[in-house]
């Protein structure tokens, strides 16, 4: 009657573990705290509740050392509660009853519901996670049993804990009006595992370094080389012909030029640098996209240097800190672009740029938070944490964004276009249906999505299933590939649009790159219905809400990258042609 919980061996690892800042060192017989974290259905990983929301009982010990909670832990709903078990470093404990559950009808129903929904719980010792299952049913599903004996085996190397395993035993049938004794034992063993390597067993190299993963990266890389070569060859050859034709036209007299068949991107030189429609929103989107790219780049580098999966909440804490610190990037690019386009309400633009992403994220999080509160889930964000996030937005992000906006307007806010803008806009001629901006926008995101969709599977699995994502080198390579493919595709789309004498390239380049997000969100539907077993209002709203935030942020980043690359291309081609 032994049920050995080996979730960590099978890769069922909790993916929100991040950066070990405290390197705990113990003396003999020093207190070791067993923290109880969450309990919840196995197939709904994000639907978690406090451990003691089930009628478990705690040990008799009450006093422990002080515990500090980080902002990242609070936002992720990680609330640790003391188990009450008396554990001391290197001191073995034989099987010992630590409390008794008086099983009435209500408690039996709670445990039966948990067993039917495959509830499992999570605990921590010295920041190392441990998993156990609440109980199991018989083959017919009529009788239900509770595991009552926690058998802990802790490995140590010198004065540090490097390994923890849990074996659940003591299967007891659930019956009303009975007393069920809960017991535990602790066994210590020496281990050769180094403290720095103690999280390696939670990783799953066979999953993340599978041949399919390597092949997808290689395939995307070859697509980048092919696409860059193709774009360079086509554009260089085509542009050379265009320049030759325009140079020949310069040598014609006025009558020959009037009789000639003028067409192409040169004809819109007086309108191509006209300000985009809705410049305030457009410049705010570009600034936000540049900031998201900066945050992604920096956080991935930090994750590559530091193992940001070895402590709870530090990936999220790092992302919040980096986002706040990179606010001048948002202000600089958004403010300078708005000034170049002749915008005068720069303070309003600064506010919109500063709060666009935080408002989207916080609005979605607060909406989901109401559902979490309704379900009494541990994912509910405390009010104090909400206030802390708002303070970061008003007292850190906004002032830094103001600094960036002022620098952007003063250093690069002057229009330096190679062509003058005509006073009267040129009429846009009719063109074939596939050259319309709406069609270009829909098609523009297919290739960028194709270069990242395999990686999306691994990222989704690490967040929504039980894998710890640690191959940040792959993620960095995919980010670079995505940016290169996005720029190449938007340049080609913009060239064909300008050649059709349609000068509305700013929004077209942004939206064609940003449409990658639409395909990612569509893929998230496929992943939800075919790759997960999630169910219920809480998990569905949680999944699709945060996937919408992720997809929107990805789209804004891709749109900004596509626009910046296309803007450099447009300036370059109009600088190299003679224009009267």
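Think of each number as a place in line: the chain as shown, counted from 1.
Cβ from N, Cα, C; glycine included.
Here's what TrEMBL has on this protein:
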type: TRANSMEM; residues: 212-235; note: transmembrane segment
type: TRANSMEM; residues: 280-304; note: transmembrane segment
type: TRANSMEM; residues: 316-339; note: transmembrane segment
type: TRANSMEM; residues: 351-375; note: transmembrane segment
type: TRANSMEM; residues: 381-403; note: transmembrane segment
type: TRANSMEM; residues: 438-460; note: transmembrane segment
type: TRANSMEM; residues: 472-498; note: transmembrane segment
type: TRANSMEM; residues: 510-530; note: transmembrane segment
type: TRANSMEM; residues: 542-564; note: transmembrane segment
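If you look at the transmembrane segment (351-375) against the transmembrane segment (542-564), you find at least three C-beta pairs under 8 angstroms, all six or more positions apart, and that counts as contact. Here the transmembrane segment (472-498) does not touch the transmembrane segment (316-339). Their Cβ atoms form fewer than 3 pairs under 8 Å, with each pair 6 or more residues apart. Ranking 212-235, 280-304, 316-339, 438-460, 542-564 by CB pairs under 8 A with the transmembrane segment (381-403) puts 316-339 at the top. The stretch in closest packing with the transmembrane segment (510-530), judged by the count of Cβ pairs under 8 Å and taken from 212-235, 280-304, 316-339, 438-460, is 438-460.
Counted over residue pairs separated by six or more positions, the transmembrane segment (212-235) shares at least 3 Cβ pairs under 8 angstroms with the transmembrane segment (438-460), which defines the two as touching.
Through the fold, the transmembrane segment (438-460) approaches residues 207-208, 212-213, 216-217, 220, 223-224, 227, 467, 469, 471, 474-475, 478, 481-482, 485-486, 489-490, 493, 496-497, 508, 511-520, 523-524, 527, 531, 558, 562 of its own chain, all at least 6 residues removed from its boundaries and within a Cβ separation under 8 Å. Here the transmembrane segment (280-304) has long-range neighbours at 315, 318-319, 322-323, 326-327, 329-335, 337-338, 341, 343, 345, 348-349, 352-353, 356-357, 472-473, 475-476, 479, 483, 506-507, 510, 553, 556-561, 563-564, meaning same-chain residues at least 6 beyond its ends whose C-beta is under 8 angstroms from one of its own.
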